[in-house]
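Taken from TrEMBL as is:
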type	residues	note
BINDING	SER104, GLU173, HIS201	Mg(2+) binding site
BINDING	ARG337, ASP351	ATP binding site
Amino acid sequence: MIMERALDKISCYNDLYKTAVKTLYKLLSNRDYLNSATKDKSQARSPLKFLDTVKYLVRSGVTLERLDSLSVIHVAGTKGKGSTCAYTESILREHNFKTGFFSSPHLVTVRERIRINGRPISESLFAEYFWKVYRKLEDAKEHECDMPMYFKFLTILMFNIFLDENVDVAIIEVGIGGLYDSTNVVRNPVCVGITSLALEHTNLLGDTIEDIAYQKSGIFKPGTVAFSVPQSPQAMRVLERRAIELKCKLHVVPRFDEYKWENLTPVHEVRNMTRQQNASLAIQIATEWISSNRNKFSTVARNVVNDGSYDTVTNSQVTVSTDKIAIGLAGCKWPGRMQYMRSSLGNFFLDGAHTIESMKCCISWFTDLSGKNGRRLLIFNTSGTRDPTILLSLLKPLRFHKAYFVPNFAGIQSLDDDMNYVASDEQIVKCEVNARVWGTNSVVARDVLQVFQYIKNGTESESSYENGERYQILVTGSLHLIGAVLAVLDPHLSMKTQY
């Protein structure tokens, strides 16, 4: 009887979760928003967006005064936002803080966006908070369409969860831009970070790097400490000017090779220059947060990180260990970003590069690691309104044996994959265009499973692969595509595959 009740409870939570995800997907998505904002740029840069978020936040039961009690680290940028946040979270968790981490997009399941202590929240916890917040917003509606969009809803949900679950620190990745992003309702972050800047979402954020920098610097707040990786002179001038205007202290982080380590070093795990830049930013952010909270937590103390060196501060409350920082960096798992995975089909190289700069970094990483042995295969797609032509021109010189163009659709029976299928016909058309741009040796597939079957058939039919050579398979162009591939290869994001 007890076992039956337990199973009934699990089944109930499972149903509540499935219904919650389906209901969530009915809210206007970022994709829909980007399409509408492209037609009307004014809505993308309107202060009314901020007031809209505040309205729904308060309706959900969280006032701005209560939100002020959340200890926030806020990170914006074009490339490396998620990686920087993941490194920061891992370092702080290694120092025994209870961490909350909000990121986007998700790869396999929406729960990945809201993590506590490094793990996506459970289906039961997601369902519990989802319906609590959703019903409050439904009850307070003033008209039929008076509900937040998909990302805004998740932002409000995240704030509710992190406050109620009493996290010590909330590491929050900006969705798009910064100034008018839903996450920017935070009024007093402990510190903020700016990752590498480049042209992106120009239809929303502006056509120049100065415009982009202005939008990203929107997360600067009076009295807050801000850190930035080195930027172009044009971008840095804007960041410096905005920091002065907003009375925010701005620091540029040191090179990764300037850090002095004690007993352990993360150098072997953080080898790529892009990763090293993000790791340096994370070190500065995490150390500043601990420094700012040294009197709040009696079990933690600090080191000050200046110009890459560690100056130990005598403090009765403890010291931050460089060994723990090294362990945090080395142990950080962030799937889909310069990720290598060995499978029976071949060696997979997964990176969600979708800008010119990030694709150049991806190509360098892939070239270094894949070497010259084994035929190269490409699996590619882009998301939204991005023009893939330039990205494909960068990839062309790598001489891929075949290039597969496929929608961001796994082709398996899953809740999230069913939702992605809605736009698959539209994506197929785009894949056909990409295949024509690529030219010879291009293949259009309906889903990732079909691509894998093509590769498997090729492996079995090509005698050269009896000699132990393996396909070197690069998956890139979109994090949504990476998610579809991982839904098949590694649905639990364990960083390994049985496929």
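Heads up, the Cβ atoms here are built off N, Cα and C, so glycines get one too.
What TrEMBL says about a protein is an automatic prediction, not a curated fact.
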Cβ packing number for SER104 (Mg(2+) binding site), 10 Å threshold:
20
For ARG337 (ATP binding site), write down the residues of its own chain that are at least 6 apart in sequence and whose Cβ falls under 8 Å from its Cβ; none is a fine answer.
GLY82, SER83, ASP351, GLY352
Count of other CB atoms lying within 10 Å of the CB belonging to HIS201 (Mg(2+) binding site)
19
Cβ contacts within 10 Å for ASP351 (ATP binding site), all chains included, total 23
Neighbours of SER104, GLU173, HIS201 excl. site residues, C-beta within 8 Å of centre, Mg(2+)
LYS81, PRO105, VAL174, GLY175, ILE176, ASP181
Long-range same-chain neighbours of GLU173 (Mg(2+) binding site), Cβ under 8 Å, sequence gap at least 6?
VAL75, LYS81, GLY82, CYS85, PHE102, SER103, SER104, THR183
